[in-house]
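Read the structure below first, then the notes.
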Amino acid sequence: MAASTAAGKQRIPKVAKVKNKAPAEVQITAEQLLREAKERELELLPPPPQQKITDEEELNDYKLRKRKTFEDNIRKNRTVISNWIKYAQWEESLKEIQRARSIYERALDVDYRNITLWLKYAEMEMKNRQVNHARNIWDRAITTLPRVNQFWYKYTYMEEMLGNVAGARQVFERWMEWQPEEQAWHSYINFELRYKEVERARTIYERFVLVHPAVKNWIKYARFEEKHAYFAHARKVYERAVEFFGDEHMDEHLYVAFAKFEENQKEFERVRVIYKYALDRISKQEAQELFKNYTIFEKKFGDRRGIEDIIVSKRRFQYEEEVKANPHNYDAWFDYLRLVESDAEADTVREVYERAIANVPPIQEKRHWKRYIYLWVNYALYEELEAKDPERTRQVYQASLELIPHKKFTFAKMWLYYAQFEIRQKNLPFARRALGTSIGKCPKNKLFKGYIELELQLREFDRCRKLYEKFLEFGPENCTSWIKFAELETILGDIERARAIYELAISQPRLDMPEVLWKSYIDFEIEQEETERTRNLYRQLLQRTQHVKVWISFAQFELSSGKEGSVAKCRQIYEEANKTMRNCEEKEERLMLLESWRSFEDEFGTVSDKERVDKLMPEKVKKRRKVQADDGSDAGWEEYYDYIFPEDAANQPNLKLLAMAKLWKKQQQEREAAEQDPDKDIDESESSSF
């Protein structure tokens, strides 16, 4: 008992007795201390030796040491969550999911309010496809921290991505019980609308406007009903909003939106009553926008019809004068048609359109037709969207296509717009017939692409193949088409067919972007893990071009293959490239190759390999050359930089002479310096001759 008591007491250190209290002979200042500390900071510590793990025992030892390090860091400061996350991510990188899970759980015990910790934990489970574990984590997170919106968003997004619509809806319902901010409600509504659940979205809006009873939210609710053509419901929403806010909290924006809705429904008397009711109860200072919109409405439909008629008639007369003076002023026709569409009857609008399209450009050049063709586009869109007359829309498209001189030029947009219209009318054969006619009359890249895109959306892959074949017959130099065709076959799983397409493509005598095609072919073979085929492709490409980027890419491919001897093969490629490019006129490309080689040796080579490449690096020298003007006269001299490679210098006598001249100049400078210094032996300068 006495021993334990004595051990438990703290030992008090003995006070050192100072024998000599006189000041030291050499005093150390604070400045000296700081200088020494700074000098020690500049000392470079050697990097720790790289450890290469060769067997399981060493791996286990490495894991044990790393875990001990992480545990020590955590023990020092448990509240630093980044240490926990790094520890868990390290365990995850080793596929030790259970250990990572345990670490996250321990971290949550330390700080369960840390948002990042929950997110990293759940993301780990999702990344490893542990869906149920991820669900449990999200469930715990939203239960523990229900006011963190990020948890709810990610939880619902995960459920939706998994196709669990009912589960996502259940999560949203739990979220709404907490009455979150407005954006959360909008997310729920948009979720339901993505699955065409209009009735559910309406129910959510009903709850939303009660939780967040702002004017803008009531307006959004009404516009939602209007957008889905529930006009009676939209009117009821506006009426409920007016009743909800009453006379004490009236807002002009609500009444403006209500009036515009009724205006769109052509209920002009209702519009007038709404404006008058609001203006009678809202002060003029707060009703500027309301009064402005009422004035515009009255100019359109109300008692001020005479004023409106004068304004419209004046503008119409102005446009008539402009189009009479220059019938081919298509901008004036556009303005005129915009005015007529906003005010006149459908027959009047059609009459003006017919007058406008009658002014065909006199010259059959595409640049003169670009503005004119949009008259036909707008005419067709008006008939389809405003007049709701599909038959007349079809006639407009057909008339425009008959008018265009397809032998000289065409407008792919007109063919595509027509085909899209027929698809909207569910006349797929008509759309195909139109596009087939277009590529028969006037084949064009945009037409082929549009037709192929249509058939792809319809999953008609055989038709896509035929279209690609015709496309490539029309433009065999188009590399993009070859690549897209091969990618289609790859997606369909026909690898041999895709390879045959690539072989046909690279055998073409003329290509617009051959480098893109070759890269795509090489990437395709790499994806198929055909190492030998890829190597042969690089060899074929190097027979056609000796570009430095091809050599570098070839070397990097050999290095990335991961097979035994890949480093040696990569080095062999660099050596072969260096030998090949000795006669290359572009010295910058040769320098680029050597720099890439040096980077490779820095990472994988030995000291001798690095020194060998360093010896091949060129010297940068400044030179002068004559410059000639465009007329052939002498324009003086210009300086430029050139590169002298050691291999070239050894084979050129003039470069040897230049090196000797530099040495002689250096010796001359040393002799002059020696003559100026009397303490130096003057006889040393006599050795300057060569």
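From the backbone N, Cα and C atoms, a Cβ is placed for every residue, glycine too.
When the ranges 528-536, 618-626 are checked against Swiss-Prot, the one recorded as motif 'Nuclear localization signal' is 618-626.
Residue counts for the repeat 'HAT 5' (196-227) under DSSP (helix as H, G, I; strand as E, B; rest coil) come to 27 helix, 0 strand, 5 coil. Sequence-remote contacts of a segment are chain residues at least 6 beyond its ends whose Cβ falls under 8 Å from one of its Cβ atoms, and for the repeat 'HAT 1' (61-93) they are 51, 53, 99-100, 103-104, 106-107, 110-111, 114, 116-117, 120-121, 124, 128. Counting residues per DSSP class in helix, strand and coil order gives 30 helix, 0 strand, 5 coil for the repeat 'HAT 7' (266-300). Helix, strand and coil counts under DSSP for the repeat 'HAT 9' (344-378) come to 25 helix, 0 strand, 10 coil.
Tertiary neighbourhood of the repeat 'HAT 13' (529-560): same-chain residues 506, 518, 521-522, 566-567, 569-570, 573-574, 576-577, 580-581, 584, 586, 589-590, 592-593, 596-597, 600, 604, selected by CB-CB distance under 8 Å and a gap of 6+ residues from either end. Around the Cβ of Ser342 (phosphoserine), the number of neighbouring Cβ atoms within 10 Å comes to 10. Within the chain carrying the repeat 'HAT 8' (310-342), a Cβ under 8 angstroms from the stretch's Cβ atoms is held by residues 299, 348-349, 352-353, 355-356, 359, 361-362, 371-372, 374-375, 378, 382, 386, all 6 or more beyond its ends.
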